[in-house]
Protein chains: 2
Amino acid sequence: MGEFELIRNFFAAAPCAQGGEGVALGIGDDCALLAVAPGEQLAISTDTLVAGVHFADPCDPFLLGQRSLAVAVSDLAAMGATPLAFTLALTLPTVATDWLAAYARGLNAMAQDCAVRLIGGDTTRGPLTLTMTVFGRVPAGRALTRSGARPGDLLCVGGPLGDAAGALPLVLGQRQAAPAVAEPLLARYWSPQPQLALGQALRGKATAALDISDGLLADCGHIAAASSVGLQVVLDTLPLSRPLVDFLGLEGARAAALSGGDDYVLAFTLPPADLTPLQAAGWPVHVVGQVVAGQGVALLDAAGQDITPGIRGYQHFPETP
Amino acid sequence: MGEFELIRNFFAAAPCAQGGEGVALGIGDDCALLAVAPGEQLAISTDTLVAGVHFADPCDPFLLGQRSLAVAVSDLAAMGATPLAFTLALTLPTVATDWLAAYARGLNAMAQDCAVRLIGGDTTRGPLTLTMTVFGRVPAGRALTRSGARPGDLLCVGGPLGDAAGALPLVLGQRQAAPAVAEPLLARYWSPQPQLALGQALRGKATAALDISDGLLADCGHIAAASSVGLQVVLDTLPLSRPLVDFLGLEGARAAALSGGDDYVLAFTLPPADLTPLQAAGWPVHVVGQVVAGQGVALLDAAGQDITPGIRGYQHFPETP
């Protein structure tokens, strides 16, 4: 048995690979088989992380296992889907048992958190690259998309922004910070929590949604384009965490929120009448602007003046780290 | 708009990305949405091809486009599934428009041949790597698996074996051959034809099936292990193409058939009573051995003597080219 076959058996034995609802056939055949209940559709998303491009190499394999799955599952949250399963295509330069065991532990921890099952994949030799394809179920016709925002809707986000971008200098070892600041920021970078429950609660309410991976301004641009509307973001309404403001100052924290990547917080548009019931039910819904007729994304100050910067957020494929 | 965003738009405009049966939402949102008909299950497989490991780099991008999709779709054929859709995770070192256009043409040609739609993916910067995840539909409970072979079944294959392995020295430029020999072999390497119709015809008949990617002996080992049976392969029954025998001689051709990779021909086990009706209906069914009580794979000569070689076929991840 070759070493890569051993790896497959290793993942097949992981707790997160032991079947589960909707999994008719898991790892070990030419295909996996998923059952989709009548009246439901399957939501599918693929994400690739390349060593040295999307994460520092070397890095902690346990944290990478958590993060690589969370990033992919976040797309299911953005559609209001319930996670079902995922495949992992893992390309490795060498077979290092300790690395793999730690990676699998991190993957498994996040899979348990998200109730998602490993059903297959591929293991190959080459430069370290991870491609996850995730599957969720959603009632037919009720998935959240990017295309339904209407003028008059509120623009909302599901929590503080910018923490993961703020953590980047810590991840790269370029800066240091006291544990009270560093730990919460690093946790947001390495262990993003896909807002699955919020996404499901927004079905039938939010008119458009996505998860913020490239910074609020850039991602709002996707909603504006898909919905053929304009979006206005009001600078001083941005929710910012205390550790981020302590670390970067208010201006730096706002820049991270607007243009930093890797938040994996939901951004969505909502008819005003739906705001209070959602907040009253305890959902984290922060109004950061509104939808208007027009196109593109504008940044406004508290007085309503347009202060849109030239930047449009991260390029989608930042070369850092 | 960044160059990688341009690539996404480029693929989104490809003919094979224009929706189709079962595709409720295609490229452009956080997830694609697939509809699965009542009574059907979704078959899913992921395959990664790494430059310099699974294909020569550089190579013809049109041919790579064809081959990368065919290799993945072949897993659907092995389950008896009908192709529905695929995602493409494409990691590229640089953005070369000509290369991309040719790759997309090859991809599109194979997608049309297989009636499969591009519904999403990811485009990233890094060492050239392709990960395809393919989706097919199959009547619930009727997928072909590896685990149902029973003693007394015939061991069959869907066509000549070894051509792709025979082509490898031509692909790598290590040998040359006359066009009458080289062209058919190279076609089998670069444009494998997933045996989709055969796979569907075998539903309810074949007791086990897979597609041969690692050589007949190694892949028969997977059926033997999954079904808890032994398989006997009879050497002089192997179907071999004339170009392969011309190129490698009979012994070389047999070695390529037994231990070469990349055939993507189906291997399956069949109750004897099902053989004649399938052959009479015109299906390419070649008997190459039988299923016996026991375990593992044995190679027999025409007299029934065990001549099993030490080799078990390619290691799953050959380092060539």
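For all residues, glycine too, the Cβ spot is worked out from N, Cα and C.
Values in this document were obtained by computation on a predicted structure and should not be read as measured data.
Annotated features in TrEMBL:
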{"type": "BINDING", "residues": "A:Asp30, A:Ser45, A:Asp75", "note": "Mg(2+) 4 binding site"}
{"type": "BINDING", "residues": "A:Asp30, A:Asp75, A:Asp211", "note": "Mg(2+) 3 binding site"}
{"type": "BINDING", "residues": "A:Thr46, A:Asp47, A:Asp122", "note": "Mg(2+) 1 binding site"}
{"type": "BINDING", "residues": "A:Asp47, A:Asp75", "note": "Mg(2+) 2 binding site"}
{"type": "BINDING", "residues": "A:His54, A:Asp262, A:Tyr314", "note": "substrate binding site"}
{"type": "BINDING", "residues": "A:Gly121, A:Asp122, A:Arg146, A:Ser213", "note": "ATP binding site"}
{"type": "BINDING", "residues": "A:Asp214", "note": "Mg(2+) 5 binding site"}
{"type": "DOMAIN", "residues": "A:28-138", "note": "domain 'PurM-like N-terminal'"}
{"type": "DOMAIN", "residues": "A:150-299", "note": "domain 'PurM-like C-terminal'"}
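Shown here: features listed in TrEMBL, placed on the structure.
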residue: A:Asp30; record: Mg(2+) 4 binding site; DSSP class: coil
residue: A:Ser45; record: Mg(2+) 4 binding site; DSSP class: strand
residue: A:His54; record: substrate binding site; DSSP class: coil
residue: A:Gly121; record: ATP binding site; DSSP class: strand
residue: A:Arg146; record: ATP binding site; DSSP class: coil
residue: A:Asp211; record: Mg(2+) 3 binding site; DSSP class: strand
residue: A:Asp262; record: substrate binding site; DSSP class: coil
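The Cα of A:Asp211 (Mg(2+) 3 binding site) lies closest to that of A:Asp262, out of the binding-site residues A:Thr46, A:Asp47, A:His54, A:Asp262.
Across the domain 'PurM-like C-terminal' (A:150-299), the model assigns an average pLDDT of 96. Chain B has a C-beta under 8 angstroms from the C-beta of A:Asp30, A:Thr46, A:His54, A:Arg146, A:Asp211, taken from the binding-site residues A:Asp30, A:Thr46, A:His54, A:Arg146, A:Asp211, A:Ser213.
Looking only at the binding-site residues A:Asp211, A:Asp214, the densest Cβ neighbourhood within 10 Å occurs at A:Asp211. Distance between Cα atoms for A:Asp214 (Mg(2+) 5 binding site) and A:Asp262 (substrate binding site): 6 Å, as a whole number. Among the listed binding-site residues, namely A:Thr46, A:Ser213, the Cβ with the most fellow Cβ atoms inside 10 Å is that of A:Thr46. For the ATP site listed in the record, the two most distant Cα atoms among A:Gly121, A:Asp122, A:Arg146, A:Ser213 lie 31 Å apart. For A:Thr46 (Mg(2+) 1 binding site), the spatially nearest entry among the binding-site residues A:Asp30, A:Asp75, A:Gly121, A:Asp262 is A:Asp75, judged by CA separation. Note: the CA-CA distance between A:Asp75 (Mg(2+) 4 binding site) and A:His54 (substrate binding site) rounds to 17 Å. Under a cutoff of 8 A between CB atoms, and with a sequence separation of 6+ in the same chain, the neighbours of A:Gly121 (ATP binding site) are A:Phe11, A:Ile27, A:Thr87, A:Leu88, A:Ala89, A:Leu90.
Taking CA atoms as the reference points, A:Ser213 (ATP binding site) and A:Asp262 (substrate binding site) are 5 Å apart. In this view, the densest Cβ surroundings among the binding-site residues A:Asp47, A:Asp75 belong to A:Asp75, judged by other Cβ atoms lying within 10 Å. Rounded to a whole value, the Cα-Cα separation of A:His54 (substrate binding site) and A:Arg146 (ATP binding site) is 24 Å. The binding-site residues considered are A:Asp30, A:Asp122, A:Asp262; of these, A:Asp122 has the fewest other C-beta atoms within 10 angstroms of its C-beta. Closest by Cα distance to A:Asp122 (Mg(2+) 1 binding site), from the binding-site residues A:Asp30, A:Ser45, A:Asp262, is A:Asp30. Cα distances from A:Asp30 (Mg(2+) 4 binding site) to the binding-site residues A:Asp47, A:Arg146, A:Asp262 are smallest for A:Asp47.
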